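Student: Attaching a single structure in C-alpha coordinates format; questions to follow.
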Amino acid sequence: MVKLPAHAQAFLAPAKLNLDLRITGRRADGYHLLESIFCLIDLCDIVHLAPRTDAEVILHAPAASVAAEQDLSYRAAKALQQAANCRLGADIWLQKNIPMGGGLGGGSSDAATVLLALNHLWQCGLNRQALMEIGVGLGADVPFFLFGRNAFARGIGEQLSAFAVPKQWYVVVKPAVHVSTPAIFSHRGLTRNSKPSIMPTFQTLQPFRNDMQAVVLETYPEVKEVYQALKPYGKPLMTGSGACVFIGFEQKGEAEAVYNRISKKYEAYCVEGLESHPLLDR
Ligand code: C5P
(Lines of atoms letter the chains of each structure in order from A and count residues from 1; the text may use other names and numbers.)
(Lines give C-alpha, C1' and ligand atoms only; values in the text may rest on other atoms or scores of the structure.)
Protein backbone atom coordinates (compact mmCIF):
# COMPACT_ATOMS: atom_id res chain seq x y z
CA MET A 1 0.00 0.00 0.00
CA VAL A 2 1.34 3.41 -0.99
CA LYS A 3 1.86 6.12 1.61
CA LEU A 4 -1.34 8.08 2.00
CA PRO A 5 -1.59 11.83 2.61
CA ALA A 6 -2.31 12.83 6.20
CA HIS A 7 -5.75 14.21 5.32
CA ALA A 8 -7.00 10.90 3.84
CA GLN A 9 -9.66 9.20 5.95
CA ALA A 10 -10.29 5.44 6.17
CA PHE A 11 -13.74 3.84 5.85
CA LEU A 12 -14.63 0.15 6.17
CA ALA A 13 -16.42 -1.78 3.42
CA PRO A 14 -17.59 -5.20 4.69
CA ALA A 15 -18.20 -8.27 2.52
CA LYS A 16 -21.48 -10.20 2.36
CA LEU A 17 -22.64 -13.78 2.05
CA ASN A 18 -25.88 -14.86 0.43
CA LEU A 19 -27.19 -17.37 2.97
CA ASP A 20 -29.96 -18.30 0.54
CA LEU A 21 -30.55 -17.25 -3.06
CA ARG A 22 -33.53 -18.16 -5.25
CA ILE A 23 -34.31 -16.96 -8.75
CA THR A 24 -38.01 -16.31 -9.09
CA GLY A 25 -38.25 -14.84 -12.57
CA ARG A 26 -36.83 -12.50 -15.13
CA ARG A 27 -37.57 -8.85 -15.94
CA ALA A 28 -38.21 -7.62 -19.48
CA ASP A 29 -34.68 -6.11 -19.53
CA GLY A 30 -33.12 -9.54 -18.85
CA TYR A 31 -32.26 -8.90 -15.20
CA HIS A 32 -33.31 -11.72 -12.90
CA LEU A 33 -35.76 -11.43 -10.04
CA LEU A 34 -34.32 -12.86 -6.86
CA GLU A 35 -35.13 -13.65 -3.29
CA SER A 36 -32.03 -13.69 -1.16
CA ILE A 37 -30.83 -13.46 2.42
CA PHE A 38 -27.82 -11.15 2.63
CA CYS A 39 -25.57 -11.28 5.68
CA LEU A 40 -22.69 -8.88 6.41
CA ILE A 41 -19.38 -10.41 7.53
CA ASP A 42 -16.32 -8.91 9.18
CA LEU A 43 -14.03 -9.34 6.19
CA CYS A 44 -13.54 -5.74 5.09
CA ASP A 45 -11.88 -3.69 2.40
CA ILE A 46 -10.65 -0.28 3.53
CA VAL A 47 -11.53 2.70 1.38
CA HIS A 48 -9.26 5.72 1.91
CA LEU A 49 -10.68 9.04 0.77
CA ALA A 50 -9.30 12.54 0.56
CA PRO A 51 -11.62 15.28 -0.72
CA ARG A 52 -10.28 17.60 -3.42
CA THR A 53 -11.26 21.21 -4.04
CA ASP A 54 -11.26 20.65 -7.80
CA ALA A 55 -13.82 18.30 -9.38
CA GLU A 56 -11.33 15.53 -10.23
CA VAL A 57 -12.00 11.98 -9.08
CA ILE A 58 -8.77 10.01 -9.03
CA LEU A 59 -8.70 6.32 -8.21
CA HIS A 60 -5.20 5.33 -7.15
CA ALA A 61 -4.19 1.68 -7.36
CA PRO A 62 -7.39 0.50 -9.05
CA ALA A 63 -8.37 -3.15 -8.74
CA ALA A 64 -6.21 -5.39 -10.89
CA SER A 65 -6.90 -5.34 -14.63
CA VAL A 66 -9.80 -2.89 -14.40
CA ALA A 67 -9.50 0.56 -15.95
CA ALA A 68 -10.04 3.19 -13.24
CA GLU A 69 -13.10 4.60 -15.03
CA GLN A 70 -14.76 1.17 -14.95
CA ASP A 71 -14.16 0.60 -11.28
CA LEU A 72 -17.39 0.78 -9.28
CA SER A 73 -15.80 3.05 -6.64
CA TYR A 74 -14.82 5.59 -9.26
CA ARG A 75 -18.23 5.36 -10.89
CA ALA A 76 -19.91 5.76 -7.48
CA ALA A 77 -18.03 9.01 -6.83
CA LYS A 78 -18.89 10.35 -10.31
CA ALA A 79 -22.56 9.35 -9.95
CA LEU A 80 -22.79 11.11 -6.58
CA GLN A 81 -21.13 14.25 -7.98
CA GLN A 82 -23.73 14.32 -10.69
CA ALA A 83 -26.78 13.50 -8.57
CA ALA A 84 -25.86 16.05 -5.90
CA ASN A 85 -24.55 18.62 -8.38
CA CYS A 86 -21.32 18.70 -6.39
CA ARG A 87 -18.20 20.54 -7.59
CA LEU A 88 -15.77 18.83 -5.23
CA GLY A 89 -13.62 15.83 -6.11
CA ALA A 90 -11.75 13.07 -4.30
CA ASP A 91 -8.66 10.92 -4.28
CA ILE A 92 -9.57 7.27 -3.62
CA TRP A 93 -7.31 4.43 -2.53
CA LEU A 94 -8.68 0.91 -2.15
CA GLN A 95 -7.07 -1.49 0.28
CA LYS A 96 -8.48 -4.81 -0.93
CA ASN A 97 -8.87 -7.64 1.57
CA ILE A 98 -12.04 -9.13 0.05
CA PRO A 99 -11.17 -11.49 -2.81
CA MET A 100 -12.54 -10.32 -6.13
CA GLY A 101 -14.88 -12.36 -8.28
CA GLY A 102 -15.87 -14.41 -5.27
CA GLY A 103 -19.54 -13.49 -4.79
CA LEU A 104 -18.60 -11.60 -1.62
CA GLY A 105 -19.69 -8.21 -2.94
CA GLY A 106 -16.34 -6.46 -2.42
CA GLY A 107 -16.62 -4.11 -5.40
CA SER A 108 -20.25 -3.28 -4.56
CA SER A 109 -19.39 -2.67 -0.91
CA ASP A 110 -16.47 -0.38 -1.84
CA ALA A 111 -18.88 1.59 -4.06
CA ALA A 112 -21.48 1.83 -1.27
CA THR A 113 -18.81 3.04 1.16
CA VAL A 114 -17.68 5.68 -1.34
CA LEU A 115 -21.29 6.90 -1.63
CA LEU A 116 -21.81 7.01 2.15
CA ALA A 117 -18.46 8.60 2.95
CA LEU A 118 -18.39 11.18 0.14
CA ASN A 119 -22.01 12.15 0.82
CA HIS A 120 -20.73 13.05 4.29
CA LEU A 121 -17.34 14.56 3.32
CA TRP A 122 -18.79 16.60 0.44
CA GLN A 123 -21.83 17.51 2.58
CA CYS A 124 -24.19 16.55 -0.24
CA GLY A 125 -27.03 15.88 2.19
CA LEU A 126 -28.59 13.03 0.17
CA ASN A 127 -30.73 10.68 2.25
CA ARG A 128 -30.26 6.92 2.33
CA GLN A 129 -33.04 6.32 -0.21
CA ALA A 130 -31.41 8.68 -2.70
CA LEU A 131 -28.05 6.95 -2.23
CA MET A 132 -29.71 3.57 -2.79
CA GLU A 133 -31.22 4.83 -6.03
CA ILE A 134 -27.74 5.84 -7.23
CA GLY A 135 -26.43 2.50 -5.95
CA VAL A 136 -28.80 0.26 -7.90
CA GLY A 137 -27.62 1.97 -11.09
CA LEU A 138 -24.08 0.83 -10.28
CA GLY A 139 -24.87 -2.81 -9.44
CA ALA A 140 -27.63 -4.97 -8.01
CA ASP A 141 -25.75 -5.63 -4.73
CA VAL A 142 -24.92 -1.99 -3.93
CA PRO A 143 -28.30 -1.06 -2.32
CA PHE A 144 -27.86 -3.83 0.26
CA PHE A 145 -24.61 -2.31 1.55
CA LEU A 146 -26.35 1.07 1.84
CA PHE A 147 -29.29 -0.52 3.64
CA GLY A 148 -26.69 -1.37 6.24
CA ARG A 149 -28.08 -4.43 8.02
CA ASN A 150 -28.79 -8.06 7.25
CA ALA A 151 -31.64 -8.26 4.81
CA PHE A 152 -34.14 -10.29 2.85
CA ALA A 153 -33.89 -8.94 -0.69
CA ARG A 154 -36.37 -9.07 -3.54
CA GLY A 155 -36.57 -7.51 -6.98
CA ILE A 156 -33.05 -7.58 -8.41
CA GLY A 157 -31.78 -7.07 -4.87
CA GLU A 158 -33.00 -3.53 -4.29
CA GLN A 159 -36.19 -4.27 -2.33
CA LEU A 160 -34.82 -4.84 1.15
CA SER A 161 -36.35 -5.76 4.49
CA ALA A 162 -34.41 -6.19 7.73
CA PHE A 163 -33.83 -9.88 8.42
CA ALA A 164 -32.58 -11.34 11.72
CA VAL A 165 -29.69 -13.77 11.21
CA PRO A 166 -28.50 -15.62 14.35
CA LYS A 167 -24.87 -15.07 15.29
CA GLN A 168 -22.68 -17.40 13.25
CA TRP A 169 -19.09 -17.85 12.23
CA TYR A 170 -18.28 -18.84 8.68
CA VAL A 171 -15.48 -20.60 6.89
CA VAL A 172 -15.34 -19.10 3.40
CA VAL A 173 -13.20 -20.74 0.73
CA LYS A 174 -12.18 -19.04 -2.51
CA PRO A 175 -11.64 -21.49 -5.39
CA ALA A 176 -8.81 -20.51 -7.73
CA VAL A 177 -11.14 -19.43 -10.52
CA HIS A 178 -13.12 -16.38 -11.58
CA VAL A 179 -16.82 -17.01 -12.22
CA SER A 180 -18.46 -14.78 -14.82
CA THR A 181 -21.73 -13.49 -13.30
CA PRO A 182 -23.36 -12.59 -16.66
CA ALA A 183 -22.42 -16.03 -18.07
CA ILE A 184 -24.06 -17.84 -15.15
CA PHE A 185 -27.18 -15.66 -15.28
CA SER A 186 -27.56 -16.36 -19.00
CA HIS A 187 -26.90 -20.13 -18.70
CA ARG A 188 -29.70 -22.21 -20.20
CA GLY A 189 -29.66 -24.70 -17.36
CA LEU A 190 -30.26 -22.09 -14.64
CA THR A 191 -33.25 -22.57 -12.33
CA ARG A 192 -35.40 -19.48 -12.91
CA ASN A 193 -38.77 -20.47 -11.53
CA SER A 194 -38.39 -20.86 -7.78
CA LYS A 195 -41.62 -20.12 -5.98
CA PRO A 196 -41.70 -16.64 -4.43
CA SER A 197 -42.21 -16.92 -0.68
CA ILE A 198 -43.84 -14.76 1.87
CA MET A 199 -40.95 -13.39 3.85
CA PRO A 200 -39.44 -16.31 5.77
CA THR A 201 -37.50 -16.21 9.03
CA PHE A 202 -34.10 -17.79 9.46
CA GLN A 203 -35.71 -20.64 11.41
CA THR A 204 -38.53 -21.35 8.95
CA LEU A 205 -36.38 -21.26 5.83
CA GLN A 206 -35.47 -24.87 5.11
CA PRO A 207 -33.37 -26.02 3.45
CA PHE A 208 -31.00 -23.23 2.49
CA ARG A 209 -30.06 -23.18 -1.16
CA ASN A 210 -28.57 -21.16 -4.00
CA ASP A 211 -30.23 -21.52 -7.41
CA MET A 212 -26.97 -20.68 -9.20
CA GLN A 213 -24.90 -23.30 -7.45
CA ALA A 214 -25.68 -26.34 -9.62
CA VAL A 215 -24.74 -24.58 -12.85
CA VAL A 216 -21.52 -23.15 -11.34
CA LEU A 217 -20.44 -26.53 -9.91
CA GLU A 218 -21.06 -28.11 -13.29
CA THR A 219 -19.18 -25.41 -15.21
CA TYR A 220 -16.19 -24.82 -12.93
CA PRO A 221 -14.37 -27.94 -11.62
CA GLU A 222 -12.37 -25.71 -9.24
CA VAL A 223 -15.58 -24.73 -7.43
CA LYS A 224 -16.79 -28.31 -7.33
CA GLU A 225 -13.48 -29.41 -5.80
CA VAL A 226 -13.81 -26.86 -2.98
CA TYR A 227 -17.45 -27.83 -2.45
CA GLN A 228 -16.43 -31.50 -2.09
CA ALA A 229 -13.55 -30.60 0.23
CA LEU A 230 -15.95 -28.74 2.56
CA LYS A 231 -18.69 -31.35 2.52
CA PRO A 232 -17.33 -33.50 5.39
CA TYR A 233 -17.71 -30.48 7.72
CA GLY A 234 -21.34 -29.49 7.08
CA LYS A 235 -23.59 -28.20 4.32
CA PRO A 236 -21.50 -26.03 1.99
CA LEU A 237 -23.26 -23.29 0.06
CA MET A 238 -22.09 -20.96 -2.65
CA THR A 239 -22.48 -17.19 -2.22
CA GLY A 240 -23.88 -15.04 -5.05
CA SER A 241 -22.85 -16.37 -8.45
CA GLY A 242 -19.71 -17.84 -6.84
CA ALA A 243 -16.97 -18.66 -6.79
CA CYS A 244 -16.75 -18.71 -2.95
CA VAL A 245 -18.26 -21.58 -0.99
CA PHE A 246 -18.91 -21.35 2.76
CA ILE A 247 -20.26 -23.19 5.80
CA GLY A 248 -21.86 -21.47 8.84
CA PHE A 249 -21.14 -22.60 12.41
CA GLU A 250 -22.82 -21.69 15.70
CA GLN A 251 -19.54 -21.96 17.63
CA LYS A 252 -16.41 -19.98 16.81
CA GLY A 253 -14.21 -22.93 17.82
CA GLU A 254 -15.90 -25.22 15.27
CA ALA A 255 -15.27 -22.70 12.49
CA GLU A 256 -11.64 -22.26 13.55
CA ALA A 257 -11.04 -26.02 13.55
CA VAL A 258 -12.40 -26.37 10.00
CA TYR A 259 -10.49 -23.27 8.88
CA ASN A 260 -7.23 -24.71 10.23
CA ARG A 261 -7.66 -27.80 8.11
CA ILE A 262 -9.05 -26.34 4.91
CA SER A 263 -6.65 -23.37 4.77
CA LYS A 264 -3.71 -25.76 4.41
CA LYS A 265 -4.84 -26.41 0.86
CA TYR A 266 -7.14 -23.54 -0.17
CA GLU A 267 -7.44 -19.77 0.12
CA ALA A 268 -9.78 -19.58 3.12
CA TYR A 269 -11.19 -17.05 5.56
CA CYS A 270 -12.66 -17.53 9.04
CA VAL A 271 -15.13 -14.71 9.57
CA GLU A 272 -17.82 -13.53 11.95
CA GLY A 273 -21.31 -12.56 10.86
CA LEU A 274 -22.18 -8.91 11.56
CA GLU A 275 -25.60 -7.50 12.42
CA SER A 276 -25.02 -4.16 10.80
CA HIS A 277 -22.65 -2.18 8.61
CA PRO A 278 -19.70 -0.74 10.58
CA LEU A 279 -20.38 2.74 9.13
CA LEU A 280 -24.09 2.58 9.85
CA ASP A 281 -24.22 1.11 13.37
CA ARG A 282 -27.38 2.23 15.00
O1 C5P B 1 -25.63 -5.82 -11.23
P2 C5P B 1 -24.36 -6.50 -11.59
O3 C5P B 1 -23.42 -5.61 -12.34
O4 C5P B 1 -23.73 -7.19 -10.44
O5 C5P B 1 -24.75 -7.67 -12.61
C6 C5P B 1 -23.89 -8.23 -13.56
C7 C5P B 1 -24.72 -8.97 -14.62
O8 C5P B 1 -25.39 -10.08 -14.03
C9 C5P B 1 -25.82 -8.16 -15.25
O10 C5P B 1 -25.35 -7.46 -16.37
C11 C5P B 1 -26.85 -9.21 -15.64
O12 C5P B 1 -26.45 -9.83 -16.83
C13 C5P B 1 -26.70 -10.23 -14.54
N14 C5P B 1 -27.70 -10.07 -13.46
C15 C5P B 1 -28.99 -10.52 -13.64
N16 C5P B 1 -29.90 -10.37 -12.63
C17 C5P B 1 -29.54 -9.81 -11.46
C18 C5P B 1 -28.22 -9.35 -11.25
C19 C5P B 1 -27.32 -9.50 -12.28
O20 C5P B 1 -29.33 -11.05 -14.70
N21 C5P B 1 -30.45 -9.69 -10.48
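We count from 1, first residue shown onward.
Note: Cβ is positioned from N, Cα and C throughout, glycine not excepted.
All TrEMBL annotations are machine predictions without curation.
Here's the feature list from TrEMBL:
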- Lys16: active site (ACT_SITE)
- 72-149: domain 'GHMP kinase N-terminal' (DOMAIN)
- Pro99, Met100, Gly101, Gly102, Gly103, Leu104, Gly105, Gly106, Gly107, Ser108, Ser109: ATP binding site (BINDING)
- Asp141: active site (ACT_SITE)
- 210-267: domain 'GHMP kinase C-terminal' (DOMAIN)
Student: Near Lys16 (active site), which binding-site residues out of Pro99, Gly101, Gly103, Gly105, Gly107, Ser109 have their CA within 10 Å?
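Tutor: If one measures from the Cα of Lys16 (active site), the binding-site residues that come within 10 Å are Gly103, Gly105, Ser109.
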Student: Specify all same-chain residues, apart from the site residues Pro99, Met100, Gly101, Gly102, Gly103, Leu104, Gly105, Gly106, Gly107, Ser108, Ser109, whose Cβ lies within 8 angstroms of the center of the Cβ atoms of the ATP site, ordered by sequence.
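Tutor: Apart from the listed residues, the neighbours are Ala15, Ile98, Gly240.
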Student: With DSSP, how much of the domain 'GHMP kinase C-terminal' (210-267) is helix, how much strand and how much coil, in residues?
Tutor: 31 helix, 9 strand, 18 coil
Student: How big is the Cα-to-Cα gap, in Å, between Ser109 (ATP binding site) and Asp141 (active site)?
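Tutor: Distance (Cα to Cα, whole Å): 8 Å.
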Student: By DSSP, what is the split of the domain 'GHMP kinase N-terminal' (72-149) into helix, strand and coil residues?
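Tutor: Per DSSP, the residues of the domain 'GHMP kinase N-terminal' (72-149) fall into 46 helix, 8 strand, 24 coil.
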Student: In this predicted model, what is the average pLDDT of the domain 'GHMP kinase C-terminal' (210-267)?
Tutor: 98
Student: Could you state the whole-number distance in Å separating the C-alpha atoms of Gly101 (ATP binding site) and Asp141 (active site)?
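Tutor: Counting only the Cα atoms, the answer is 13 Å.
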Student: Counting every protein chain present, what is the number of Cβ atoms, excluding its own, within 10 Å of the Cβ of Gly105 (ATP binding site)?
Tutor: 28
Student: I'm trying to understand the geometry here, so how far is the Cα atom of Gly105 (ATP binding site) from the Cα atom of Asp141 (active site), in Å to the nearest whole number?
Tutor: 7
Student: Could you check the binding-site residues Pro99, Gly107 and say which one's CB has the fewest neighbouring CB atoms inside 10 Å?
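Tutor: Taking Pro99, Gly107 as the binding-site residues, the minimal 10 Å Cβ count falls on Pro99.
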Student: Take the C-alpha atoms of Gly107 (ATP binding site) and Asp141 (active site) and report the distance between them in angstrom, rounded.
Tutor: 9
Student: On a count of neighbouring CB atoms within 10 A, which of the binding-site residues Gly101, Gly103 is highest?
Tutor: Gly103
Student: Counting every protein chain present, what is the number of Cβ atoms, excluding its own, within 10 Å of the Cβ of Asp141 (active site)?
Tutor: 28
